[in-house]
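Structure, as structure tokens:
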Amino acid sequence: MSIQARLPLRPSSSTKAEGAAPQQGSGRRRTARRDQKYGLLFASPWLIGFVAFIGLPIIASAFYSFTSFNLFQSPEFVGFANYSQLLADDRFYKAVFNTFFLALFGVPLGLALALALALLLNVNVKGQPLYRAVIYLPTIIPTIVVVYVWRWLLNAQYGFINEAISTIGLHRPLWLDDPMWTKPAILIIGFWTIGGTAVIYLAALKEVPAELHEAAKVDGAGPFLRFRHIVWPAITPVTLFQVVVSLIAYLQMFTQPYLLAQEGRNDVGAGPNDSMLTYAMYVYQNAFVYLKMGYASALAWVLFILILVLTFIILKSSKRWVHYGN
Amino acid sequence: MAIDTVRRGPSARKASRSLLAYAGILAVVGIFIFPFLTMITTSFKLPTDVFTLPPALLPETWTFENFGLALEAMPIDRYLWNTIVVASLSVIGTLVSCPLVAYALAKFEWRGRGVVFFIVLATMMLPPQVTMIPLYLVFDTVGLTGTIWPLVLPTFFGTPFFIFLMRQFMMNVPDDLIAAARLDGASEFRIYWSIVLPLAKPALATIGIFQFMWAWTDFLNPLIYLNDEANYTLSLGLYNFFSENGIAWGPLMAASVVFTVPALIVFLIGQRFFLSGLATSGLK
């Protein structure tokens, strides 16, 4: 390889071809050949990785979704049985409902909060780097620690959250023991770890041209109008990115609800009345607790198709509300 | 913001507005840091101080007892070491593979490049649940389940998100620089190693820290693959501890602090590169 790599060194004509623009012919062909060779060579780790860790597993998973299969005996073809079983499965519907519920509230509220935080962090006052670090801090804490800290904070009897709630004279929820309150608990934890999204918004806000602000001010536009007509259009591309990313994250949410609901190791419960059973949790339970690998694969494929469809719809709709400037 | 100071507006109103913003920021910062403080202070509480009404942030008496109890209940040092090994190997894998692939996508014109780039983007949307089961079976067949390798090996073949981030960054490396090095007779690998990679340092720091955090905090993959207690990462150790001891909040929070501190240190060291790298690469 080292000899080949040094090849361009040898023929002086290649040097000339690079330098002199006219009389290209063979030089351009050589460039094309070099690009082809090194492009493939540099990309090869991922090409191999894609086949091994993504491509073949996708095909295998599609195949398994048409089989009955539990680790210990080889897959047995069952046609669409898994998919029709899924349509009659109450826990499947429960998981879909819970997951969509979380996404429906979590994505818009989360992005609104992240944007509000970014606007605050963009105000010109002392100490902003420190405040930014504090807002970002929760995202560096291991998820399992985040969840356990919040289980403690949300403790119905001894937790700080209920203490604060009763201080302002409201009714104390039972949080993790009340199916009405488990999903808000998951959302609150999601909002606490919104710092990454906020930092990306902050970077986008810093790119909004100052001249536009100034011009609008001269025209007498107040902060609200300036946000509506200058800031918001400029950050719609980033918003599109954040909507897609956070929607996908919500649709695949596993660790937070799994650990919030956990009573014991490999416990298949998902909170009171299955109120924390998310789609990804249900896939995991079927695959690694019930060992129904075929059924779990079918579930995973339904999720994949849902994500593709929703992403496609969002990208389509974006033509109407995303502004690409310059 | 500099504009504000140039134009002399009604300064009293402006001062009150910035005071308001300041108050808002401090309130928000207080709310965001509070759970973190609770974790730390609870870890220093005596068991009798944990359940108090009303709850108190600070311990009555400060004690290190919980750290000892946590260490007695589980081999934290072993879990810590395993987690460090997994995270470090993952970072190495990512830093070796992702820039290579990104460079191929950014700076060479080869047939199939468009398709490969599209696939990279498309796989970012692929839910891990789809590939999780076949991958488990493969690792099981070759006898690697229970070891850390299923967590580490894939990083040596590139991660779509990081490849994308790197590629966006490398698009900005001037072509002239590369062409000039070719004129000087540098080999393609030499160009990559001594010109492109040094220029990409902020992006490298960004994906390195990202990968470290991912590996450090990952729960699902260790849950699936690690069934031998000797190979547990801290995530799994903590999970086990909670399963068995439930509401022993003091030791649990002590172990949580131990788990969080290394991530904090890495983040504080890399913060400068990280946030600037995040702002300058990708997302555009």
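Numbers run from 1 along the shown chain.
Just so it is clear, glycine is given a Cβ too, placed from its N, Cα and C backbone atoms.
Features as listed in TrEMBL:
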type	residues	note
DOMAIN	A:96-314	domain 'ABC transmembrane type-1'
REGION	A:1-31	region 'Disordered'
TRANSMEM	A:38-64	transmembrane segment
TRANSMEM	A:100-121	transmembrane segment
TRANSMEM	A:133-153	transmembrane segment
TRANSMEM	A:185-204	transmembrane segment
TRANSMEM	A:230-251	transmembrane segment
TRANSMEM	A:293-315	transmembrane segment
Annotated stretches the transmembrane segment (A:100-121) and the transmembrane segment (A:38-64) touching (3 or more Cβ pairs under 8 Å): no
Considering the transmembrane segment (A:293-315), which listed stretch of A:38-64, A:185-204, A:230-251 counts the most C-beta pairs under 8 Å: A:230-251
Spatial neighbours of the transmembrane segment (A:185-204) far in sequence, C-beta under 8 Å, 6+ residues away: 102, 105-106, 109-111, 113-115, 117-118, 121-122, 132, 135-139, 146-147, 150, 154, 175-176, 234-235, 238, 241-242, 246, 250, 253, 256-257, 260, 276
